[in-house]
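Peer 1: Mind having a look at this structure? Questions to follow.
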Amino acid sequence: MNDKEKEICPRLIDFLVVVGKRNRTRGASQSSPDATTDTTVTYPEILRRYPTDDHKDFILPTDVTVFCQPEGCTTTSARLRKNARNDPQFFVFMLTEKDSAKVRYGICLNFYQSFDRRSTPKDEIKKVPDDAHHKKRDSHVSLTSLCFISHHPFVSIFHQVLLLLKRIIDSSNHRAAQRTGLKDVVWAILTGHYNEPIVPEVMKEIKEIETWILMLLSSPVPVPGKTKVQIEVMPMDLSQVFEFALPDHTRFTLIDFPLHIPFEILGIDMALRVLTAAMLEFKIVIQSRNYNAVSMCILSIVALLYPLEYMFPVIPLLPAYMPSAEQLLLAPTPFLIGVPSSFFHHRKIRELPSDVILVDLDTNCLQVPDDLYIPDLPEPDATHLKERLKNAINKMTTMTVDNETSVTDADFGIDIDSVDVACRVAMVQFFNSANVFGNFSEHTRTLRLYPRPVVSLQTDSFLRSRPQCTQLITDLCRTQAVEYFAECCLCPKNETFVRVQAGIESAEQVGDKPKWFSESLMPVHFMVYPNNSTLDSAIRVYNAEIDNDDYEDDSATSTENSNSIDDLVFDENQVTDAGGEVTKPLAEVNYIYKEPMTLELPQSESVVSIDSSLSSGRSSPDSSLSTSAVDSEADFARLADNLALKSNSQGAFSFDHGSDSEYESTPVSQRRKTIHNPGSDASDTPTSRGSIKSGLRMKGLTTLTDSGEKVLGPSLMNAINGYAEKSQSVFSQVINKTAPKAQALKERTMKPLANRIEQSQHIVRSKTQPNPTSQQTANQQSKNQQTVKEFCDQALVGQSVGMFSAPKLKRLMEDESLRELVCSKLNLGLEVKLSEDEYVKEVQLTKGQFKAYVKILKACLEGIEVSFNTPGCCGFASVFHVLEIAHTHYWAMGGGEVITPSSSAPSTMTTPSEHSNDILKESRPKLPASTIDLRTPTKPLGQNVTPTSTNNHEIAQSTRSPALPPPVPPREAPPIPKRNPPPLGAPPKVPEGARAPPPLPPRPKVKTTAVDETPQNLVPNNQPAQPSSPSFLADADEQTKPLLKPAPPTTLPVGKQEPCKVLPTPNEPVRHYIYQELILAVQHQIWQNLQFWENAFVDLVAQEREIVGMDQEPSEMIDRYSALNDSEKKRLELEEDRLLSTLLHNMTAYMIMCGTGQKALQQKVRRLLGKAHIGLVCSKEINKLLDELPSTQGNFIPLKPLGSRLVQKQSFTVCPGQSSDGQMMFMEVCDDAVVLRSITGAATERWWYERLVNITYSPKTKILCLWRRHDDKVHMHKFHTKKCRELYQCMKAAMERAAARGKVNVEGRALGGEFPVHDTETNQGGLLQVRCDGVAVIFAHNQIFIGLSNIKKCNTFGGNVFLLEEFDRKKGEIIQRRYFSQMADQICYAVLCVFSLAAAGHKKEEHSK
């Protein structure tokens, strides 16, 4: 279910339905109550409904009748019901919409009601006739239902309201009978059993009842975490004020009934077995004679599964009288269904299906078919769970005994609610235990966010990481609930799971009942009881007489189910559609009903719209960028300073607050620490962000009081204004805790290598400190990184790893971060900038480099294999980087030797440019593009590197994130070796023991570029083209031209072909790729393990998304996506498709190179293609590639460059604040946003261009001011940077490009506007107009205009005062004007936009001149 389906319905109650037996004056088929049988059962019908019209978003289902009366409408003799209980029966059912899966709750009250309409003279009402007993014997009662249909599960309160409604109708019925002598006349009229003209006295009663009902249906719904609706239904002496409130996302969802019912009825052990069966998605049927017990048990089981969500049909009470109801038990999908005890008898079911588990609440019996097995819960987690549940239940039992003498009912209710919270907390703790879902997010990887999140659970690594891999967790991982849970962890709608995980367990902090949080909510009072109503007097009279009167002896009686269903007579042919017979309210009071259309918020000084769109903050570069052209830079900086620093004490809109700015500029990584502090204030939830108020925040650091849950005084409305932003960013911090992205990999890889390499003889460590501190861990990791760099540097100069160093290298390569470091150092193709349509270029190595590469990469593969087989490994995305090097790096046999830096004569090193003239003179046939050296010529290795550059490089490496090192900056590549071809006729020497390389197909035709036509870029190419398929042939003219750097092929060379054996000519060096020594020489079993490839793929996807920035605050990105237009949504989806398809393309190439079975390869890739929901454009390319796979193992499929290498970002060093004393950060200017990163590379903020309001800078102070709009609030951020002008120009250019592409939407952003103001000096009211040329203030008798060039300063004061300073050029003085307005902030913002537009226009004029 998506967010739209979860939107809050503004109606508290959708419908009130009266269900029972319709009176039919005609029709012989209707069973008569005067028949010989005393009891008959008919199909229930809707007798009356309020309102009579359906809602636009909800049509009342016709089958609601059988849900209200599951065993049919029973009509029986009052004589038989006389000795029965007089308590109406209450229960709950659910209506689920098929298309949208929306759930509505039915809260039903059933009772037997008489419709005897015999008239008695008024003067004989109190006389008892002689045949009274005979008449009572002949009267009949019929089952009648009062039912609320609502989107909201206020079960207990609705129960009380239904009882009150029945009491109101009974009271009016009693008063009408006294006045008219017509018995049960009100009930008869409301249920359609009265066919005579209605007397005025009775009509008055009907009108008051229907008015009360329609007023009740007009009640609004509370806004979660913001408001509470207080409904006054009767005077206080007759009924309490019913308070409705919904918890916010940091608390458990509302369960307004005793949640512990399954444990109380079945016992803890049996209830846990039923919970386990539901958890594993078995088919479960629960039966009982008590409707309420069975429906509550079903709902409780579903609620106790949190944080899992039951993904299949849930029917708390399946009616026995519903046609074909038994077919649901044959459904192929799992289900959780409650039925009355008569269901199987009535539906003539003799035997349950063999895959259905039956639970009988009446006998406490659990029937499990022989073919099914419910595994036991893992230990010791199950024992701990049972102990917590027993403690909670025993506490309730103890309090029950105590309450009999000393505790009030209200206190007892509090304890019951606390018991329910304790049960829910115990279940959450069980799910979070080590053997169940402990460290669950470390094994999830986000594949995509749009159009809906797709998250992959690495089941294999997850199971291997469990201390005890039980059958339960193995089966649980295969359920849809766990798959959905992985997606919910990315952007959870309810964060209680995370809070309990952090140690926040008390009912006051996570409880769902209003008594724990209602004090902080704004009340919305609603009056249902009209002032002129006489219903209260009728109730008082009825209450006084009910004890001494036998009025109810033959009217309302109990609904206890008949134990002998055989005695009932069923009329199953009476299924009719009574929709046309439902009439409007009898008293013509339809006008009373006012359907709530929007959520109700109390009036405040600031206008807030609950459904305000995030797109309201968008602006175009023309209207949001400004320079200092209008005024001096100092004045503009002061303007920005005033706009930012003026606090708002009234709770209305303000540009910024000092405390807010400081708190918002705090990196996410620092704010995230609150999640681990169980002693923090309740308001400082693990996911809270933004400012509540600085005082409250300071208290929350030391104490755990209720003050953190409340917002006091005038700051309350400010909290409501900022609530949407808090909720938005609340998710982002949960994401940093639970999101399946590479951040988890970073935290894992920062763990010390000590545990894994302590046995190594090559690392000297102190044995006296078995648990090193974090500082020691960081030092050890730094030493390991330095060691790995030395190995890589040696390999780059051609020195191989020694035999004594090899074990140490193998140990180090078991760490994923060090493998990533190796790949970033050894991959010489990283410095080649490629476009999206190019392919990764091949790189030539020297013989020494080749041998060193092979040895180091072998150690990497061995470490990857260890990681794959180690429970709880930190990922192995590096396998793709290793295979990329093996795929593209080669050594040309016979190509000569390059003098390494260790040579004694580095100054005499020969470069390829020395022989360029000789190469040009040769007229030999040229080799196709596959033999061209693709590296750009650089400075030879023999040249010395200055110490400064070396140190800088090492510093950059040390500050890089260990798990995800970004691509290294351009560095000097090894020289192109001098190639001395062997004598004519002499075949190239092949080392002994080396396997002959497979024949290479010719590369596609290449295009020439004028850039690379310099002689030093040319290399000898002497082999003629080999015969192959036409798509691989090069033109003859191309072969005779001087060889140039090739361009990528336009089509994929994946045609089915058997490569011809290429016989090397005497003049052509044979290429020997690394994969031939690394893969072909030793066959690793992991290449045939498809789960290994899938895990590596999702690891690399997570890594790529992290580098590109696709996973930074996913909730914000999803909300932004929903606010974009269709074309922008498609663009974002296509970006994710390209990233995924590129990785799938490369994985296919690697699997072919590693010899994975072709059929298995195709199945796995196609499965991932569907799992990732890749669009048609990109999936078509992958399918074409899979259809034309080469049949020979090798590197025939060219590689595509990763998306992270294509993204070209401009980064600037900034310091938050007005000086350089703050913490250094990096600001990246991207295509559609500005990303702020910490020095560790972690993204802390992302600001989309469409939400930027204004950008200014001051070259004098080196300060860049940036305003952004979020939920109708504007926040300003200041950054000190030496390159403020360059940063401003870069951001401006990026925003202009985004606007040209349509990314920044400017629709609906009208410049200027009119605002009502009140002059504080003259005490006049008027209109303030913000225009392009200035500000005009219009009063009743005069008008003031202030030109734009004369405005010196404008800001807000106190939140509701707009202050404007005008420079009077004639007098040479400044005039200050103050205007009171509730829209002061918007006036200031409008003036700021006009300044920005004027500044941009002025700059354009200067450029045109």
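Glycine is treated like the rest: Cβ placed from N, Cα and C.
If you look up Swiss-Prot, you'll see 680-691, 761-772, 941-961 marked as compositional bias 'Polar residues'. Annotation source Swiss-Prot lists compositional bias 'Low complexity' at 773-784, 902-913, 1020-1031. The compositional bias 'Basic and acidic residues' feature in Swiss-Prot is assigned to 915-925. Annotation comment: Swiss-Prot describes 963-1003 as compositional bias 'Pro residues'. If you look up Swiss-Prot, you'll see 26-230 marked as domain 'uDENN', on the strength of sequence analysis. Taken from Swiss-Prot, the feature domain 'cDENN' covers 251-390. Feature annotation from Swiss-Prot assigns domain 'dDENN' to 392-496. What Swiss-Prot records for 1109-1184 is domain 'Death'. The region 'Disordered' feature in Swiss-Prot is assigned to 654-701, 761-784, 902-1008, 1015-1034.
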Peer 1: Looking at the domain 'cDENN' (251-390) alone, can you tell me the average pLDDT?
Peer 2: 90
Peer 1: Sort the residues of the domain 'cDENN' (251-390) into helix, strand and coil with DSSP and give the three counts.
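Peer 2: So the domain 'cDENN' (251-390) is made up of 52 helix, 21 strand, 67 coil.
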Peer 1: What counts of helix, strand and coil residues does DSSP assign across the domain 'Death' (1109-1184)?
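Peer 2: Taking the domain 'Death' (1109-1184) as a whole: 61 helix, 0 strand, 15 coil.
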Peer 1: Please list, for the domain 'dDENN' (392-496), how many residues fall into helix, strand and coil according to DSSP.
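Peer 2: So the domain 'dDENN' (392-496) is made up of 63 helix, 9 strand, 33 coil.
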Peer 1: Counting by DSSP secondary structure, give me helix, strand and coil numbers for the compositional bias 'Low complexity' (773-784).
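Peer 2: Reading the DSSP string over the compositional bias 'Low complexity' (773-784) gives 11 helix, 0 strand, 1 coil.
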